[in-house]
Amino acid sequence: MEKIVLLLAIVSLVKSDQICIGYHANNSTEQVDTIMEKNVTVTHAQDILEKTHNGKLCDLNGVKPLILRDCSVAGWLLGNPMCDEFINVPEWSYIVEKASPANDLCYPGDFNDYEELKHLLSRTNHFEKIQIIPKSSWSNHDASSGVSSACPYHGRSSFFRNVVWLIKKNSAYPTIKRSYNNTNQEDLLVLWGIHHPNDAAEQTKLYQNPTTYISVGTSTLNQRLVPEIATRPKVNGQSGRMEFFWTILKPNDAINFESNGNFIAPEYAYKIVKKGDSAIMKSELEYGNCNTKCQTPMGAINSSMPFHNIHPLTIGECPKYVKSNRLVLATGLRNTPQRERRRKKRGLFGAIAGFIEGGWQGMVDGWYGYHHSNEQGSGYAADKESTQKAIDGVTNKVNSIIDKMNTQFEAVGREFNNLERRIENLNKQMEDGFLDVWTYNAELLVLMENERTLDFHDSNVKNLYDKVRLQLRDNAKELGNGCFEFYHKCDNECMESVKNGTYDYPQYSEEARLNREEISGVKLESMGTYQILSIYSTVASSLALAIMVAGLSLWMCSNGSLQCRICI
């Protein structure tokens, strides 16, 4: 009879109403890394590293770049005859120069402080070319014969368009004294040069005077140049050399030239009409008729991500360059579908990765929620409040990370002349060091935030579990797997009250107490029955053993195998 009662009690326990706390799972295979683990599969993740570009040169915020094609910056500014398409250029967003442009200084020589001039251009968006000393004004000098086969144009000798190579006229080279006053409101870029002949014969042939000089002065510049006559190997068919110089003439300032030979005079100058962020970018790409906010030598980036790994040199509103190959932020939960039935490592709070062994793919409308079963059926229901708070929290955190990191960031190349190689090497080492620090910071940030996000989800599930536990108290039994088994009947209305936090503990406490005591009584009665049976079994076994020993002894005494002596 006791066994039948026990069996009925067990059956009734199996059919008891239950409510479980759980979390969302899906078919996602996205993985993230944390401080403690690698390749953690999560339900949702967000990539914050841009790895793609369009492979084109694009307008930057609607403004076209100045693509110099086969011309260098020097060829453009001095007016190499092969660069006539750049005689007048509109506003540019950035300048593109090939690594080794064919049309540079056609007449061999050097451009003084060339790298510094390029740095100036990286803060300029528009030049306006103006004539400052007309070519026709050199009545006492030959301003037409100063051409060279090194600078051909349509098969004939020519020269730079923006400067004038002055030669003697009628066997005389009178001393030049010229001035130009900058009456413009803008700064003016002025260029001039000096010719270094191959020998003394060439010197007198071109300039008549054997000893010459060039003097240039402004309010901030005091320069005196003399030609260096020397025998040199031919470059572009020329043994002579030309050296070019430049200065920025401020408004209301004047520039004065004095020379008795070897003078390359300015005809045109460049009015700096607009200053702003620009860059000189080394690239072999072609124009792609596109628009972007961020340009690299590899192509344009159109992305809202805070990091990229495409190229360290950029112009525009760009993500920060890092050397990483993967930066993924966890936004969802650990993805542990219940069917896997395997225990994961514990998180900080141990909820998702601890006593709740698997997520629910059937719960699709929230991150956390409930599964109930009673006589009316079973089903999943998301906890909208905790889910929305979690979504808001994670979204705000991701946006905050992106906002903090996704500031305007430009990294343009710096150029150094041959005398500055040690500075260039030091600059490269510093830039590499900065990139290493940025990369380390970005990777560490992602690892820490992923750990915090997953623990945040663990904590939310634990909080939801505690919310239910505190409501039910002893009206239900904790099963240890995230579920509670009611000691009373709990219909759908009762289940809903547990979910929304309005469960009426006193209403069900009496029924729960009676059922709890009945179950406890069955257990105790069963335990007592088994104890009595155990005692009876022990006594009976001992008595049977004693009888067997006595019978064996009498039999052995009767056949002489055992001698029995009774002493009184």
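For all residues, glycine too, the Cβ spot is worked out from N, Cα and C.
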Member of Cys71, Cys83, Cys151 annotated by Swiss-Prot as disulfide partner of Cys106: Cys151
Most Cβ neighbours inside 10 Å, all chains, among the glycosylation sites Asn302, Asn500: Asn302
Glycosylation sites (Asn26, Asn27, Asn39, Asn181), the one with most neighbouring Cβ atoms at 10 Å: Asn26
Averaged pLDDT, computed only over the residues in the topological domain 'Cytoplasmic' (553-568): 57
Cα-to-Cα gap, Asn27 (N-linked glycosylation site) vs Asn39 (N-linked glycosylation site), nearest whole Å: 16
For Asn181 (N-linked glycosylation site): DSSP state (helix, strand, coil): strand
